[in-house]
Each structure stands twice: as structure tokens, then as C-alpha cells.
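Visitor: Got a structure for you, questions after.
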Amino acid sequence: MNHSAVAQTGLYLLVLLALAWPLGRYLAALLEGRLAQRFAWMGRIERGILWLMGAAPDEEMGWKRYAAAILLFNLAGVVLLFLLQRWQGMLPLNPAGLEGMSADSALNTAVSFVTNTNWQGYSGETTMSLLTQMLGLAVQNFLSAATGIAVVVALVRGFVRSGGGAIGNAWLDLLRATLWLLLPLSIVVALVLVWQGVVQNWYAGLTISSLESHTTQLLASGPVASQEAIKLLGTNGGGFFNANSAHPFENPTPFSNWVEMLSIFLVPAALVVMFGRMVGDLRQGVVLLAAMTVLFVGAFAVVYLAESQANPLLTALGAAGDSGNLEGKEVRFGVLASSLFATITTAASCGAVNAMHDSLMPLGGGMTMLLMQLGEVVFGGVGSGLYGMLLFAVLAVFMAGLMIGRTPEYLGKKIGAPEMKLVSVAILVGPLLVLAGTAIAVLTEAGRAGMANPGAHGFSEVLYAFSSAANNNGSAFAGLSANTPFYNLMLAVAMWFGRFAVIVPVLALAGSLAGKPRLAATAGTLPTHGPLFVVLLVLSVLLIGALTYIPALALGPVIDHLQLFSR
């Protein structure tokens, strides 16, 4: 990498950690209940809202009740969002007069936004009414992110608590995450984006006069900034416009691009700091942050180096410049900012894009795909990134214990066969959905019909789609025509089970750990707060990804790269 890439990446990480550290302390105080005790008015607001919901604020839940509450809450979200999309043509705040969506597309979109995936098989500005955007999609952007936070806090409590098996109150955790974290942050970020030029209005569109042809043109508009903020802070990723954050109404300036990149990683990084404070050892959080940072920097280096090369097909035509691969990228961002954004959005389960990933060089696109396939644990989604990395931490401790004869133990909790079964299920769900879904798609006529490109690149488009859906990312290789009944239903299944078939084992693990005593460290305990454990954790993540996905990646991005550079 050149000096500019190193400087920009280093500055980004420094600013991110500077913001995440105090936010992590705030999160620990908030979700442990210390803020509500200190500020009585916060407690009164929480109790009032929970009373309206019919929930008891002081009631502790076991993992089964906690999981049932999370599942029912999100299932209700799917039903309501599905109906809102189907009936939007009859509802107000629809100045463009848009009709309701088809049943399969509405189901796909409802599952997509409820699961924090935000996969979009439609063009937002020509499909969704303002009411659907605000009351449906934006609301689920908050609630899906709050769900991830609630689940990871429950898991952290499992490590902290001793005996009893209670892991908290799901309704209170959801409320606190939404009301005292996501909403205030979104207001601040939305105001910054409006200052930079992101639109925020209730118009059907803006009519302008063209300077060149002297004709009028209607530019789609709406409440973009408010949705853009939570789309990024909640690692949701679904854009108001089809071009997502490449659209100048969503991301007009290099500074707004910088703010958007910071917003994606801010809460995931802060949650890791929160974890260290809640378990009483900040070093444990620092180790996870270090492992995430190592994986992120390595991935960015691969993407940037790949995109710094000109496309050999354009070079042969004499059409390639000296700025690298600019196909599918906005000139106002260039190769460096586009590569950094692409790495961030696929490392987190965000999926927002400021460049077209289908136009990335094969190795660049392959790396963004691999980041998703690793389980979105490199900072990852809000909540899901941390609980995913904690699963790998437990796995790393268990493997180390088997190799050196030490008792598998993490944060004072013994790791036995029941815990490892739950960890294994949670880790293997994603690969099963990705590989099985891709296989079904390429073996059926309906699946192959959506592939716009033949050969390795067409296979990569399908593999990317299922990797994105099953790992709740939402970005796409847009050459795949995915708004069909086949892909809408297949990807909806991948998104739902990719989210909740992981959440349920994670909550079961939390309940199992919470019922165990927390033991003091002994000479036989593997230290999990030093550089050695960082290396072990990174290798565990890469080992699972390599063993699982290398054959599929070889058939897609690797062959695509070899074919491109052998011409």
C-alpha cells in the first residue's frame, strides 16, 4: 500500500477507537442499569414505556423466555412490514402514487430489514412510498440493531453471572438500546449529513431544468438523512436510493463519506469496549479489538492492492488510466475511499456501498465475499459481530485446551461438551445456508436464469448473494437479477435462518454459562488477554473460513482472476 492508504487507514482507526472508548463505557453503564439508577427520569421513562407494553421492568428471564421474546418480537415485525408494503398504495404519504409490492418481494424485504440484512431486490426511490420508508424500513433499522445489542448483552451476562441462569430482560434491553443509544446517535449523524448536503424532505421529487438539453427532470427525494444515519449506525445498509451511498443525495462529499464509514464501525467497536468493562477486565476487550483490527487491515490491503490495478481488458484497448480500476466507482471518492468503504461494509454486516461491488477486480470482490463468509466477525454487525467473535473465542480456547491438555475455560467459565455443541451449531449455520443455497441456485433453471454473466463471474454473483443473505450483510454483485420469486424466497429463508438459527444457540449458550460458577484463574488456565491469544483467535477465524469456503471461492473469484489476467 502507498503512504496515502496507510495514513488514511491509520487515521480512520485512531478516530474510531477514540470515539468507541467513551461510547463503550457509556454502553456498559446503560445496559448494566447504572444510568437508570443514577438518573431517576430515565428509569421513569423506561418503566412507563414497559408498562404500556405490558412488560415488567424488573423481571429476569431465562434463555428460553428471552429467546421467545426476541423471536416473537421480530416475527411481528415481519408481518407488519409485509402488510405495510402490500397496502402502501392505499395509505397516505405516497405522493408518487406507488402501488403495493408483490407478495414474494414484500416477504423478502420484510425478512431482510427485520434480520438486519437490508438486502434490496428493488429500487427504493421507485418502489417504496415515503410512509413505507419511514414507518417500515427506518423503524426496522432501529429495532433490528437493538435486537443484536440485546442478544450480545445477554451473552456477556452469561459470562459475568454465576448460578441461576437468568440473562436479563429482553424488553428492557431492546428499549434501552433503541431509546438511549441508537436514537440519540442517529439524530447527531443525521444533522451532520444534512449539513453536508444529504436531502431531508417529504417531496415526491425535485423538478430541475437541465443545462444541456434545456428540459426538465424529476429527481427522486424524501427523508433521506434520517434513514441514512440509522442505516449506517445500525449496520443495516439498505439505501433510500438504488445506488445506495454512491448516490450524491445519500453521500455527497468526501467528508460525508468519512462520517458514514465511521458510523458503520462505531457501535460494533464500542460494544467490544463494553464487553471488557462488563466482564471486569478491559484487556479481554482489547484482545478482541486487536484480532478484529488485524483481520480488517489485512483484508483492506488485499482489496486496495487489487483495485489499484487497471483492468487488463481496458489496458489492451488503451482505455485504462493510471488511477487503478475506476469502473463502478464515484470519481469524488476514487479507488482508495471506495476500497476502504467496501472493506468496512463487508467486514461489518452493513452492506451499504459507495461503489458497485460487481465491478471490483476478482480478488477484491473475492475478499469482500470472504469477509462475509467468515461470519461477519471483523467488527461485524451491531451486536452480531461481537457475539460471533465470542463464539470463535470459545472455540479457540477449546482447541487450545485439547492441544495442550489444559482445562477449556474462558472468563472463568468451564467450557464443556454442551457449550461446544451450541458453538458448533451457531458457527456452521452460515456455511450450510451459503453453500446449499448456492448449489440449489446453480442446479436449477430458475436460479441460473438470474445470472447475467456466464462462467466464474456468474457463479461468483450467486455465491455472493447467498453469502450476503445468510450472513445478514445485504450488499450484492448487482449483475444478478434477484427480484424473482425463486431468489426472493430462497434468500428470505437464508436471511431468516442465518439470523435466528444463530441467535437461539447464542442465547442457549448464555443461559448455560450463566448457570455455572465463575472460577478464579489458576496455573492451568489459558491466558486470554495477551498477544498469543490474539494470534490463536485470528487463526481460528481464518481456519474455519479456509476449510469451508476455499473450494467455492476457487470456482468463483480465483478462476475469474486467472481468466482475466491470462488474456
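Every residue, even glycine, has its Cβ placed from backbone N, Cα and C.
Features from Swiss-Prot:
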type	residues	note
TRANSMEM	11-31	transmembrane segment
TRANSMEM	67-87	transmembrane segment
TRANSMEM	136-156	transmembrane segment
TRANSMEM	179-199	transmembrane segment
TRANSMEM	255-275	transmembrane segment
TRANSMEM	286-306	transmembrane segment
TRANSMEM	333-353	transmembrane segment
TRANSMEM	363-383	transmembrane segment
TRANSMEM	385-405	transmembrane segment
TRANSMEM	422-442	transmembrane segment
TRANSMEM	489-509	transmembrane segment
TRANSMEM	532-552	transmembrane segment
Visitor: Count, for each of 255-275, 286-306, 363-383, 422-442, the Cβ pairs lying under 8 Å from the transmembrane segment (179-199), and report the range with the highest count.
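Guide: The listed stretch sharing the most Cβ pairs with the transmembrane segment (179-199) is 255-275.
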Visitor: Between the transmembrane segment (286-306) and the stretches 67-87, 136-156, 489-509, 532-552, work out which stretch tops the count of Cβ pairs under 8 Å.
Guide: 532-552
Visitor: With pairs restricted to those 6 or more apart in sequence, evaluate whether the transmembrane segment (532-552) and the transmembrane segment (255-275) have 3+ C-beta pairs under 8 Å.
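Guide: They do not touch: fewer than three Cβ pairs between the two stretches lie under 8 Å.
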Visitor: What same-chain residues lie close to the transmembrane segment (67-87): Cβ under 8 Å, and 6 or more beyond its ends?
Guide: 61, 100-101, 103, 105-107, 109-111, 113-115, 128, 131-132, 135-137, 140, 143-144, 147, 150-151, 170-171, 174, 500, 503-504, 507-508
Visitor: For the transmembrane segment (489-509) and the transmembrane segment (11-31), decide whether they are in contact, meaning at least 3 CB pairs lie under 8 A, counting pairs 6 or more apart in sequence.
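Guide: Counting Cβ pairs under 8 Å, fewer than 3, so no.
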Visitor: Any chance you could find the range in 11-31, 255-275, 363-383 with the most Cβ pairs under 8 Å to the transmembrane segment (136-156)?
Guide: 363-383
Visitor: What residues in the same chain, six or more past the boundaries of the transmembrane segment (255-275), come closer than 8 Å to it by Cβ-Cβ distance?
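Guide: Those are 12, 15-17, 19-21, 23-28, 31, 145, 149, 152, 156, 181-182, 185, 189, 192-193, 196-198, 228-229, 232-235, 245, 282, 284-285, 288-289, 292, 333, 337, 340-341, 344-345, 347-348, 350, 352, 354, 379-383, 385-386, 390, in sequence order.
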